[in-house]
Amino acid sequence: MCGIVGISAQRDVTSDLLSGLKALEYRGYDSAGIALLTERGMQRLRAKGKVRDLQSLQAQTRLSGVVGIAHTRWATHGVPSEANAHPHVSGDGLSVVHNGIIENHAELRAELQAAGFSFTSQTDTEVIAHLVEQLQRNGAGLLEAVTAATKRLHGAYAIVVMSAREPGLLVGARRGSPLVLGYGDDENYLASDIHALLPLTRRFVYLAEGDVVELRRDGVRILDERGASVERPVKESSFSLDAVERGEYRHYMLKEIHEQPQSVADTLEGRISGGRVLPGIFGSGADEILAKVKQVQIIACGTSFHAGLVARYWIESLAGIPCHTEIASEFRYRQPVVAPDTLFITISQSGETADTLAALRMAKERDYAARLAICNVPEASLVRESDLVLMTRAGPEIGVASTKAFSTQLSALALLALRLAETRGIDAQRYAAAIADLEVLPGLIRDALQLDAEIKSLAEQFVDKQHALFLGRGTQFPIALEGALKLKEISYIHAEGYPAGELKHGPLALVDETMPVIAVAPNDALLDKLKSNMEEVRARGGQLYVFCDTRIRHGMGEGHVLELPACGEIAAPVLFNVPLQLLAYHVAVLRGTDVDQPRNLAKSVTVE
Ligand code: G6P
């Protein structure tokens with residue numbers, strides 16, 4: 001992953017580079033660095049830890065410059081350390097920041113070492129610095145050298161390179177990792193995404209695969225992968241800065257949990273009317289494709305994968321269409337057999353997750369009916385490379401643990417399942433109930449958020465736990481998985497999600513009086529089965545925590561039972577996930593972890 005920023009201007013750009021990095025910390029935060037061109041040549045500062053550590057260092061040294069590049073890292077090759085932090089340098093004034101993975105770095109390293117270059121880090125990135133330097137020494141200008149160097153790189157990269165030999169010039173290049181170009185007033189910018197640049201400009205170009213850009217404060221030239229000058233469309237961003245600020249909330253995650261009523265309402269807006277999912281919401285020609293679909297293959301990672309698992313239940317039960325959901329990193333390395341008229345769906349908050357993108361690219365080589373992306377970032381690679389798109393409208397999600405993106409993905413997937421169901425002739429009453437469910441969903445989430453104080457006090461019972469088990473059945477099984485993922489991601493308590501019926505085949509052996517078991521119990525057809533599984537836990541002295549539909553409270557027995565508003569089958573997975581998010585959040589706060597930036601993780605995983 002990693003976040004990169006570059007600015008060429010005529011004023012001191014140090015603080016803008018650092019605040020740009022702060023906005024990119026969701027991409028990685030184990031070390032950070034900056035290189036600036038100063039009167040004394042290229043100067044570099046690097047620090048292990050977060051951007052704030054680099055900021056303190058900068059405040060002590062008062063380093064400044066009018067042209068610079070900066071980086072926040074998520075370690076792939078080499079431990080988090082100052083020596084491995086970017087920018088990496090070569091010769092007398094060449095510096096590089098990189099996001100991605102260079103797969104042939106070992107071979108290039110050996111070649112460059114044989115040519116006399118010595119390496120000071122364990123990173124794959126350092127080979128880029130020496131490669132460009134070598135080409136420059138052989139007479140190439142910076143643009144030419146970077147272009148030639150990229151031809152030798154296998155893997156994924158977004159890079160920005162600066163050379164003291166050509167002051168004022170930054171050269172950027174991308175393949176497989178994102179890079180945007182921002183236009184300012186007598187200054188220009190490059191960054192991993194627009195959030196880093198929003199305080200500086202609203203005018204952006206999303207660079208295409210293989211693009212190389214020559215950027216100076218007073219002009220920019222983009223070359224495509226064949227080396228021809230190209231114009232790429234300039235987009236005006238209407239993102240409000242408030243959307244990426246934390247406001248009154250202690251953490252982004254808490255803010256984003258509380259934004260869910262609005263983001264779900266936004267995702268549904270203009271897509272349901274007169275008691276039905278409107279045709280045409282998947283783009284022109286989509287309805288004809290959807291009407292012919294005989295199978296569905298869903299691909300995603302992490303939390304998005306859990307949304308895909310819920311969708312499988314919906315698509316099969318509402319539309320009667322076989323549906324498979326698979327983790328992208330597995331799918332991309334097997335040889336899937338594609339049945340005729342299969343719709344290929346990717347789900348991704350960022351639209352840049354490397355494995356999901358690779359799976360999509362593989363699907364493009366195969367005979368799928370169409371490729372549909374469900375994504376939260378309009379200009380993401382996934383969106384641009386898919387045939388059909390349904391945008392979630394969660395707005396920027398900054399907390400590494402995904403919350404509102406998940407609720408909006410489920411809302412979008414419910415629309416898809418219902419659209420497919422309508423073309424297959426679903427029972428009218430069931431359809432009407434499902435639509436009604438979606439219409440009240442934002443209000444139900446708002447009600448569920450009222451449980452916050454109660455969950456906060458419940459969280460105290462989890463602080464000293466080592467393990468936790470989450471149970472659910474049907475569409476609540478993926479919610480159990482998601483509840484467990486949230487808890488482990490941010491509180492570092494080992495947690496597992498299980499289909500409740502599977503308890504007796506193994507995990508029951510773990511249950512004793514020290515093991516908290518969390519069950520999600522909506523008022524559905526599987527309730528009695530779930531109750532039997534809960535009894536199995538009680539009988540072993542396990543500590544049961546139940547989140548149930550208020551209508552079935554009396555049947556839940558004694559102990560910790562929290563009531564959720566009454567809801568139908570479509571609302572249930574979205575709604576029951578909310579208290580699990582709050583539980584994970586409060587446990588993490590009590591344990592004093594870094595809630596928004598949990599250790600070892602990153603939000604946008606643009607490496608394999
Ligand atoms: C990372 C994030 C998760 C996210 C997953 C997939 O692991 O920390 O929150 O669910 O990537 O990301 P995507 O952007 O494809 O939904």
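Backbone N, Cα and C define each Cβ position, glycine as well.
Straight from TrEMBL, the features:
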type     : residues : note
DOMAIN   : 2-218    : domain 'Glutamine amidotransferase type-2'
ACT_SITE : C2       : active site, nucleophile
DOMAIN   : 285-426  : domain 'SIS'
DOMAIN   : 458-598  : domain 'SIS'
ACT_SITE : K603     : active site, for Fru-6P isomerization activity
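C2 (active site, nucleophile): 29 other CB atoms within 10 A of its CB, across all protein chains. All protein chains considered, the CB of K603 (active site, for Fru-6P isomerization activity) has 26 other CB atoms within 10 Å. Cα of K603 (active site, for Fru-6P isomerization activity) to Cα of the residue listed as 'active site, nucleophile': a span of 10 Å.
Mapped onto DSSP classes, the domain 'SIS' (285-426) shows 65 helix, 28 strand, 49 coil. Across the residues of the domain 'SIS' (458-598), the predicted structure has a mean pLDDT of 94. In this structure, the residue listed as 'active site, for Fru-6P isomerization activity' belongs to neither helix nor strand by DSSP; it is coil.
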